[in-house]
Amino acid sequence: MIVNISAKMILSICFTFLSFFKATHAMDLDTTSKTSICDATALIQGGMLDYYEGTRYGGTVGMFQSPYYWWHAGEAFGGMLENWFLCENDTYQELLYDALLAQTGSNYDYIPSNQTMVEGNDDQGIWGITVMGAVERNFTDPGDGKPGWLAMVQAVFNTMYSRWDSEHCGGGLRWQIFTWNSGYNYKNTVSNACLFQIAARLGRYTGNTTYLEVAEQVFDWLVDVGYVVLNDTANVFDGAEIDTNCTDITKIEWTYNHGIVLGGLAYMYNATNGTGEWETSLTKILNGAKSYFFKDSIMYESACQDYGTCNTDQRTFKSIFSRMLGLTSVMAPFTRDTIDDLIKTSAEAAAKSCNGGTDGHTCGLNWQKQTNDGYYGLGEQMSALEVIQNLLIHDRPAPYKEDNGGTSKGDANAGMNSSTTNVLQNNLNIKKGDRAGAAIITAVILSVLTGGAVWMLF
């Protein structure tokens, strides 16, 4: 039988084959080469910015397109800022600077007017962690009379800690800041973990031990309430409603909760010169993370990934988890061998997932598949970026401190107006089980903030 194949059909077949060849060979990663790593992450960042509004006509600087929320932007910029430092690549330096500054809010506390009605404690906390990265990496401080990045993180800390609620569940932050938002009666781990980590990092950076005391208070509460269970492979659960005194805990585990707690513990270990208490807790949390979130040493979101149920939020979680693993390996060097192996294996698999899309370097969700699994989006790009760039975490200086290379300008009173009490003006001596002093301060501050919130309703 003679088959007639037209020239047009032959060309079509050739183009299809070439496209397939390009896509399946798009990202060859050499995990020992900075050039290879940074070339790969440059492609991935380009894919992230396909979703960015800030460079479009009429778009909002510092925001990504729907369905991505404000906190996703904070998480994404945290990864891009690390790439700026680790790869020494200033391609997006101006974009990052403009984005971080555009979303500060008029009080420079990361409560911008465009988020006033919907922002939660976790949202503000994620941005606070990102800006703390700017502090520790000596990202160019704002000029023109604006506060430094350090002052902005201190404002985030002061405003978050002012919401500490001792009346329900013995302490802790609620998920939401404002009463009208769904979830106001839920106290979640991520909000409190963000406060814990920010306090730990501020304590290490500034040398002010009051921050460390607050960090210890927050971590003790997470353990006391049962959100963090310090068995040999520790659990970090999601949260609970105050209606049950936080006893009916949502026992779902996510990479970002583990990661943010892990990072906070690593900073506490470092800031206290390797105190055994923090080493023990850190070891248990790391054991839990390794047990729950790695399959064949490849990172995965165990609560949803195998079931195909990961939502937009959950598809971003591995990004901040990867960042925290990298920072932990620096802040607590005894964890380095374990973490480096996990990052290397996961980075290799993540790179292989970045062979999708028409560009040939769109990343996927399930790295175990060793190729793109059909998922794509900002979260997939963010996660691949962070795990791959953390191959370089030991090739650059450790996060700076105020007395060791840090340059950002601070203000311990940032975020607090004249009618509120700054927690750092009181040399708190917070012990486990002794919350009275903090409760009094919190009550004073909450009365002012509540008055402001009531005014906003009219």
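Don't overthink the numbers, they just go from 1 along the chain as shown.
Cβ atoms are placed via backbone N, Cα and C, with glycine included.
The C-beta environment of Asn89 (N-linked glycosylation site), restricted to residues of the same chain at least 6 apart in sequence and closer than 8 Å, consists of Cys38, Ala42, Asn83. DSSP assigns Asn89 (N-linked glycosylation site) to coil in the three-state reduction, placing it in neither a helix nor a strand. The feature N-linked glycosylation site is assigned by Swiss-Prot to Asn89 (among others), with sequence analysis given as support.
If you look up Swiss-Prot, you'll see Asn114 (among others) marked as N-linked glycosylation site, on the strength of sequence analysis. Applying an 8 A CB threshold to same-chain residues 6+ apart, the list for Asn114 (N-linked glycosylation site) reads Thr60, Trp70. Under the three-state DSSP scheme, Asn114 (N-linked glycosylation site) falls in the helix class.
According to its DSSP assignment, Asn138 (N-linked glycosylation site) is coil. Long-range neighbours of Asn138 (N-linked glycosylation site) (same chain, six or more residues apart, CB within less than 8 Å of its CB): Tyr400, Gly405, Gly406, Thr407, Ser408. Positions annotated as N-linked glycosylation site by Swiss-Prot, on the basis of sequence analysis: Asn138 (among others).
Look at Swiss-Prot and you will find Asn208 (among others) tagged as N-linked glycosylation site. The 10 Å shell around the Cβ of Asn208 (N-linked glycosylation site) contains 18 further Cβ atoms across the protein chains shown.
Under the DSSP three-state reduction, Asn231 (N-linked glycosylation site) is assigned to coil, being neither helix nor strand. For Asn231 (among others), the entry in Swiss-Prot reads N-linked glycosylation site, with the evidence type sequence analysis.
Swiss-Prot lists Asn245 (among others) with the feature N-linked glycosylation site, giving sequence analysis as the kind of evidence. A 10 Å cutoff on Cβ-Cβ distances gives Asn245 (N-linked glycosylation site) a total of 12 other Cβ atoms nearby, all chains included. Mapped onto three states, the DSSP output places Asn245 (N-linked glycosylation site) in coil.
A simple way to gauge crowding: the CB of Asn270 (N-linked glycosylation site) has 24 other CB atoms within 10 angstroms, across all the protein chains here. DSSP classifies Asn270 (N-linked glycosylation site) as helix under the three-state reduction. Annotated N-linked glycosylation site per Swiss-Prot: Asn270 (among others), in sequence order, evidence recorded as sequence analysis.
Using a 10 Å radius centred on the Cβ of Asn273 (N-linked glycosylation site) and all shown protein chains, the other Cβ atoms total 7. Look at Swiss-Prot and you will find Asn273 (among others) tagged as N-linked glycosylation site, backed by sequence analysis.
Annotation source Swiss-Prot lists N-linked glycosylation site at Asn417 (among others), citing sequence analysis.
According to Swiss-Prot, the GPI-anchor amidated glycine annotation covers Gly437, on the basis of sequence analysis.
As annotated by Swiss-Prot, region 'Disordered' applies to 399-418. For the region 'Disordered' (399-418), the DSSP-based tally of helix, strand and coil residues reads 0 helix, 3 strand, 17 coil.
Per Swiss-Prot, signal peptide is recorded for 1-26.
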Rounded Cα separation (Å) that holds between Asn417 (N-linked glycosylation site) and Asn231 (N-linked glycosylation site): 42
Other CB atoms, at most 10 A from the CB of Asn417 (N-linked glycosylation site): 10
Neighbour count (Cβ, 10 Å) for Asn231 (N-linked glycosylation site): 9
Closest of Asn208, Asn231, Asn245 to Asn273 (N-linked glycosylation site), Cα positions, glycosylation sites only: Asn208
Three-state secondary structure, Asn208 (N-linked glycosylation site) (per DSSP): coil
